[in-house]
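Below is one structure, written out as structure tokens; comments come after it.
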Amino acid sequence: MEQLQCHVKQYAWGKYGEESEVARLFADGHDGFQIDNKKPYAELWMGTHPDGPAQLKKCSTRLSTYLAKHPSPLTNNNSAKNIHLPFIMKVMSIRTTLSLQVHPTKEQARELHENDPVNYPDRNHKPELAYALTRFELLCGFRPAREILKNLQTFPSFRLLFGGDTKTKPLEDCIMKMKNSDTVNQDSPEYNYSRQYLESCFRFMMTLTNVHELVSQLLKELDNGLRGAVEEVTVGVIRKMSIDFPNDIGIFSPLFLNHMILEPGQCCYYAAGELHAYLSGECVECVGCSNNTIRAAMTPKYIDRDALCKTLNYKMTEQSDYLVPEMKLTECVDMYAPDCKDFQLHRIRVGVDQSEEEMMMPTLDCASILVVTSGKGSIEEATTKNQLIGQYEVKRGDIFYIPPNHNIRFLSCSEPLEGYRTFSYEMGPDHDTRVVTPISTTVSTLNDKMLKLDADMEEAPTAVIPN
């Protein structure tokens, strides 16, 4: 095991100072760090990605360099200077809405990178999992067809946004032909046609450059009590968006996207092609080792409309399809295993009176990263033949890299301990050709108000130029 020093991202949408779990957790695990209550702390990155590479605490060597020098059976390119994990684990603290966005498949990412390496800095995909630490809200995936239909028939402004009768009538007629919209057969011709008509409506929406009047009309419709398939809590989201992102097409997104509310302990997953936006709350996030993002709205950053429309899958589905069930592995370990090879997540909860057998963690024949989010205890590391490697005191804020085939067991806990361990049996991507250089557009070119609202901006934007 190697204790890690990791990176915090101060994106403008993060919670400020002591209000941010990211700031508090980072301060507890990184000596000498002082929280500034005037600054946002949005994400704690734990992984090897070049935009936020973890380092070994004892010597400041990058974890990716350490992995290249200490290859495992899965690191078959032993001549590389850096070996990357296939995932990034994050803790996120969200104050205001992130940009409406989608991530490409690996094939799409390669093509985008070849054509535009500045805006698409690598060739990898970016599936995502979010485990709620607090009440956590997000928009994710197109609503079920029946709900989109109801909102089109309820909100005239939404109908106009989607192209009026010319564009929406074919979509409505197709949905109406579905025999049972509560149990839609996604292989049926009607469903596939409805996806094509939805794409046509969405593409029309993305051509609009001024939606001021439509936004005003939508807000009046809500004031007059129109609801359609929109719940009252979602009305509040729309109103907040209209303040944070005035006259932005993203204000309409809750009418056609699922508004999901996760309670602590719930988990969701979405792969490439799913339109989404995080709204509020704090979570543990697992993502593919990539920083590729195609934005749609609610951001001053680059919006690639053509790539966006090509990448979306236009699936209309229930919220429940995105939920990841909890699987109990041991008395102390629960697993969240989406249909994704890039990452799996273990939630670890160890009490002060657990038995020796219960405190044994599952032995993995792949690399993993562990973050302790609460409690104190001692941990033992051994080989698979139970030869002792070391014993360590662990506490909230500590982050560790755990090599493959190491036995990990908690010896005792003076306080109930909780942690999260992300792992994968896949090879990580090659980021060695990735060169990060400053670009001319800086944060200072944006006004103060935009900085506060920006869902993606860092302190210093970067471009990526291939060798």
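From the backbone N, Cα and C atoms, a Cβ is placed for every residue, glycine too.
The active site annotation in TrEMBL covers R295.
TrEMBL lists Q101, H103, E128, H276 with the feature Zn(2+) binding site. Using a 10 Å radius centred on the Cβ of H276 (Zn(2+) binding site) and all shown protein chains, the other Cβ atoms total 24.
Marked as domain 'Phosphomannose isomerase type I catalytic' by TrEMBL: 3-144.
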Non-site residues, in chain order, whose CB comes within 8 A of the mean position of the CB atoms of Q101, H103, E128, H276 at Zn(2+) = V102, K126, Y270, E274, L275, T293
Between the Cα atoms of Q101 (Zn(2+) binding site) and R295 (active site), find the distance and write it as a whole number of Å.
-> 4
All chains considered, the count of other Cβ atoms within 10 Å of the Cβ of Q101 (Zn(2+) binding site) is 23
Expressed in Å to no decimal places, the gap between the Cα atoms of H276 (Zn(2+) binding site) and R295 (active site) is 10
Can you count the other CB atoms that lie within 10 A of the CB of R295 (active site)?
-> 24
Are there residues of the same chain, six or more positions away from H103 (Zn(2+) binding site), whose CB falls under 8 angstroms from its CB, and which are they?
-> H125, K126, P127, E128, A272, G273, G288, S290, N292, T293, I294, T311
